[in-house]
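One structure is given here, and the rest of the page talks about it.
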Amino acid sequence: MSKHVTIRGSGVAGLSVAAELTARGHPVSVVDPAMGPGKQACSWWAGGMLAPDCEGFLAEEPVVRLGRDAADWWQDKGAQVIRRGTIVVALQRDARELDTFARRTQNHRWLDREALAAAEPQLGGRFSRALLMTDEAHLDPRRTLLALKARLGDAGVAFLPEADDRGQVIDCRGLAARDTLPELRGVKGEMVILRARDVTLTRPVRLLHPRFPLYIVPRGDGVFMLGATQIESTDRSHATVRSVMELLNAAYALDPGFGEAELLEIGVDARPAFPDNLPRVCRVGDRVHVNGLFRHGFLLAPAMARMAADVLETNSKPELWHEDHA
Amino acid sequence: MPTFYGTEIASRMMLGTAQYPSPKVLADAFRRSGAGVATVSLRREASGGGNAGQQFWSLIQDLDVAILPNTAGCHSVREAVTTAQMARELFDTRWIKLEVIGHADTLQPDPFGLVEAARILTDEGFQVFPYCTEDLVLCDRLLEAGCEVLMPWGAPIGTGLGLNNIYGLRSLRAHFPDVPLVVDAGLGLPSQAAHAMELGYDAVLLNTAVAKAGDPAAMAEAFAGAVAAGAAGHAADPMPPRDMAAPSTPVLGKAFLE
């Protein structure tokens, strides 16, 4: 009764579609030359923030709404989701950025210096006020992807380097699918992973800055991810000195404890995005595509996976269906 | 309407293409403002291979407006010249908006580097749009170096502070009545753009004020309205300010106050 589905790509989109379909009882195989998640996928370099309200500052409304269920979905799939919200701060000179951010976002409350110190002691001494985005969460992208692959393997999903497409094909190859999705473009992101033993942040922190916005995501054991630049470029070969310098500078301004951190990794990749920076489910020929997750891979992959599964099962046209693609 | 290096532009509004929430919002902003020129940066976008930014640039080229590549992010003459040469290849245009930043924090132009780079680029056949301060002597040197357009700042890039030195801007207009003048940078509100046009400027160039508004496309349209109003006001030859109040209806039959 259930038809076989071949999923191309094993980044966050491919694995999420695989997980959703497996949960609905479809036999699935995942085809990727790398045979699983890894540095070839831009989700490997993601922040792992499940932060629909923060993203709503710039993103279109569907990102906020569809992202709301992401934390529950990931938890249901066995991911270790940490629900401590997000702290948003700005340097004294940019205090008005914080007011604008508050005006344009939802589900937050103001923290004064004492409340901030109670939440994140190291920030309390440095910032007189902050926003706590109360409903947000985060996860470790790499741990999550690897655990999900293992879980899918246990459920009988085969991971193959190459294979003839069996049954319905769902293409989740990200930027590589530009061969059939010409509107897709790359948006370069650079990030840094470091170990800062002196820094005790327990939740993602966003520093609003007119030129060098930054987020910091704790990964446990003193490891932090700093991200991320956003440059209109498909280059995924190298991070530039300037970008890394800006990220490190901003982190140092946020907490001087980062000054003595060990640099573990400098990462770079290009996010696949459509012109409206919203993801799409579409059909080209007999393939269904899930693509364009931009900077919202972990946030929107669950909703996109559900839409793709609905398309397959009922031939429905979900919200982010894109009809006239090619 | 302004004419830059022999090309007449159908709008007095020029828009930057950075920092929008998405290319679609950017396109909406252009459509609703009717802007006639798009500035495009390439210093960062081209790193890692000249064509790495091509997908985004294609979206800009699809807007069907004149493209003015810029040297944003360049802090030295050499960087600016190299970036301009790359821009000429990539966009097939001799136009270049020349930025040589002299101060990292305020993004203030380096007047000395600017003149030097303008001279080099003009000699190489470029048509230079220098992003400069409102300093009269600097502007004179830029014209000597071959520039036929001047783009003085209203205020530092991205600050939204408006026109910081109205006297200086007015003075430029008075000294260079035949040079196209564009207020570039520092505008935050439509009223400030209207003011620039009322001073007799030919156009305004803005980016952050539109891109960082809550509704960029609506703000772009608001600016376009203000620019049109300011230009029409200037063209209509405004009355001079007076200290003496002048009643607009006759006061026949009433006693004089004195």
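Cβ from N, Cα, C; glycine included.
Note that TrEMBL annotation is computational and uncurated.
Keep in mind that what you see is a predicted model, and the values were worked out from it rather than measured.
Among the features that TrEMBL reports, domain 'Thiazole synthase ThiG' is placed at B:4-250. Among the features that TrEMBL reports, active site, schiff-base intermediate with DXP is placed at B:LYS97. What TrEMBL lists as 1-deoxy-D-xylulose 5-phosphate binding site is B:GLY158, B:ALA185, B:GLY186, B:ASN207, B:THR208.
Structure with TrEMBL features highlighted.
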residue: B:LYS97; record: active site, schiff-base intermediate with DXP; DSSP class: strand
residue: B:GLY158; record: 1-deoxy-D-xylulose 5-phosphate binding site; DSSP class: coil
residue: B:ALA185; record: 1-deoxy-D-xylulose 5-phosphate binding site; DSSP class: coil
residue: B:ASN207; record: 1-deoxy-D-xylulose 5-phosphate binding site; DSSP class: coil
How big is the 1-deoxy-D-xylulose 5-phosphate site in terms of the longest C-alpha to C-alpha distance among B:GLY158, B:ALA185, B:GLY186, B:ASN207, B:THR208, in angstrom? 9
Here the recorded positions B:LYS97, B:ALA185, B:GLY186, B:ASN207 meeting chain A with a Cβ under 8 Å reduce to none
Integer Cα-Cα distance in angstrom, B:GLY186 (1-deoxy-D-xylulose 5-phosphate binding site) to the residue listed as 'active site, schiff-base intermediate with DXP': 16
How many Å separate the Cα atoms of B:ALA185 (1-deoxy-D-xylulose 5-phosphate binding site) and B:LYS97 (active site, schiff-base intermediate with DXP)? 12
Any idea what the Cα distance is from B:LYS97 (active site, schiff-base intermediate with DXP) over to B:THR208 (1-deoxy-D-xylulose 5-phosphate binding site), rounded to a whole Å? 17
Site with most surrounding Cβ atoms, counting all protein chains shown within 10 Å, from the binding-site residues B:ASN207, B:THR208: B:ASN207
Among the binding-site residues B:GLY158, B:GLY186, the one whose Cβ has the most other Cβ atoms within 10 Å is B:GLY186
How many other Cβ atoms sit within 10 Å of the Cβ of the residue listed as 'active site, schiff-base intermediate with DXP'? 26
How many neighbouring Cβ atoms, not counting its own, are there within 10 Å of the Cβ of B:ALA185 (1-deoxy-D-xylulose 5-phosphate binding site)? 27
With the 1-deoxy-D-xylulose 5-phosphate site defined by B:GLY158, B:ALA185, B:GLY186, B:ASN207, B:THR208, which remaining residues of that chain have Cβ atoms positioned within 8 Å of the Cβ centroid? B:GLY16, B:ALA155, B:PRO156, B:ILE157, B:THR159, B:GLY160, B:LEU187, B:LEU206, B:ALA209
